[in-house]
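The transmembrane segment feature in TrEMBL is assigned to 12-30, 50-69, 81-104, 125-150, 156-175, 182-201, 237-255, 276-301, 336-359, 379-401, 408-430, 475-496.
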Amino acid sequence: MAVKSFEAWDYVVFAALFVISSGIGVFFAIKERKKTTSREFLVGGRQMSFAPVALSLTASFMSAVTVLGTPAEVYRFGASFLIFLISYAFVVFFTSELFLPVFYRSGITSTYEYLQLRFNKPVRYAATIIYILQTILYTGVVVYAPALALNQVTGFNLWASVFATGIVCTFYCSLGGLKAVVWTDAFQMVVMIVGFLTVLIQGSNHVGGFDNVLEQARNGSRLDIVDFDVDPLRRHTFWTIAVGGTFTWLGIYGVNQSTIQRCISCKTEKHAKLALYFNLLGLWIIVVCAVFCGLIMYAYYKDCDPWTSGAILAPDQLMPYFVMEIFATMPGLPGLFVACAFSGTLSTVAASINALATVTFEDFVKSCFPHLSDTLSTWISKGLCLLFGIICTSMAVLASLMGSVVQGALGGLLTGITLSFWVGIGAFVYPAPDSKTLPLPLSTEFCVQQNKTTTEAYQLSSRPVLADTWYSLSYLYFSAVGCLGCIAAGIIISFLTGRQRGKDVDPLLIRPVCNLFCFWSKKYKTLCWCGVRHDQETEQDYLDSGSAWKQGVESGLQNGLKQDTLSQIPAYNPKDKSYPKSVQEKTTYF
């Protein structure tokens, strides 16, 4: 495979991304130096506005894997990825209306504090440990995979990019806290959009304009977007994306620490909701850009596919290979695209480091040392950012060695994880046949013949019975399998061991879904509440009194949440749905 090298201007543009990102961290370290509480460092004092948070949310979950992987997916399987626009809409709506109000009004910082309030400590700690392990593994792959793809196509130094990413993210996370992460993400989001737009404009010019792109895509069956086949083994259909995609992304947005942490950093609940809805617009823009980049690539390579012809080794190298070709005579623009890809990496890694530090501090450090001073808490938080920055960077190195009710809660958690791992690992070992994934045809008819070395892929001698059924399940249903398995096992075990009565569940811990769909009938709403007293006067009186949960949460974490333990403190304002700045600065928690 021929490797095209960067030029001086490409390195200058790429280096500017890291310099500016680091500069934002230094700026907030200086600006916020007098604010010494861990709350300021971890959640920005709950005084962020919606605009930067919206950009930050979009940038964090549109990683370099998306920048490189989605266009390649569209190139191979068609533009059905556009159906994700529907999934994202459902996800943001449910997160904003169901999950966010509970977390925001509770005053908790770690999402896993909720699990102790609703269930008990073992559930909380189990979920926290799983989150930490999963996030470290994911972050390592997010750093290494795109760096490898770019290295093999552009010649960009693999380990230099890996360590630069880890060092820069750790640097500005440790210095500036959440505010530095959010504003750096906002800058990186702009870089991502500019990078995509340059590829779209130059790429469409190379293939004869946008109309020709659509014509070639239509001729190649890339615009057959909607397929209503209900077969769950099919890779992409309307149902796998709309339903499976919603389950997948709801886990990322609805209860993910990284998302919720930035939402609760907003000055009011309204700002938090606006951040989510404007983030939806950002998600749509990124997905549309990525899809059209894939279509332009297909129009460009329709007669000579670089993957099947051996010019590249893997589909995730398609996008950088394409960029190096269309910008061959324009120094600096390949560097802009690489900056675009690494903006996704930086934002994802930074958000992960900050979230890991937060859950570790809130769920473990504070539990063991509840009376830490503000200054010491802040330094511990910064130390945790440094620690997890080192761990995540080390995980990227390890990635290079890898191949491509209480009883009910715990039982459900383990069941969901087991099912997800079972189907996920099975699908990795026994990939679904082409009859289910339905890759679209690629041509090498007009490729220039070149000497190349081919290797025979290792084939397993036999496929088990489950290989063409359970293991061939669309990857978008993996989260649904885990979620439904957790719910089913939790319900069964709860009934066997003694279910909890609805009237014993604190209504502040539950956001009834039925209120969204049965809003016209109090009778049906009450029936669907399953005995939880959402209409009781104590709840409404509590909110109307202008009190916040946090001090009551603190007691509840130790004694079990009960109405008579909720202390009245002037923090959360239910009328404005906000946390006043003065209270945030004066109130000491834990």
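The backbone N, Cα and C atoms fix where each Cβ goes, glycine too.
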Answer with yes or no whether the transmembrane segment (81-104) touches the transmembrane segment (182-201) by the criterion of at least three Cβ pairs under 8 A, sequence separation 6 or more.
no
Can you say which of 50-69, 81-104, 336-359, 379-401 has the most Cβ pairs under 8 Å with the transmembrane segment (125-150)?
379-401
Under a Cβ pair cut-off of under 8 Å, which of the recorded stretches 81-104, 156-175, 237-255, 336-359, 475-496 contacts the transmembrane segment (379-401) most often?
156-175
I'm a bit unsure how to read this: which one of 81-104, 156-175, 237-255, 336-359, 475-496 has the highest number of Cβ pairs shorter than 8 Å with the transmembrane segment (50-69)?
336-359
Are the transmembrane segment (475-496) and the transmembrane segment (81-104) near each other by the rule of at least 3 C-beta pairs under 8 angstroms (pairs 6 or more apart)?
no
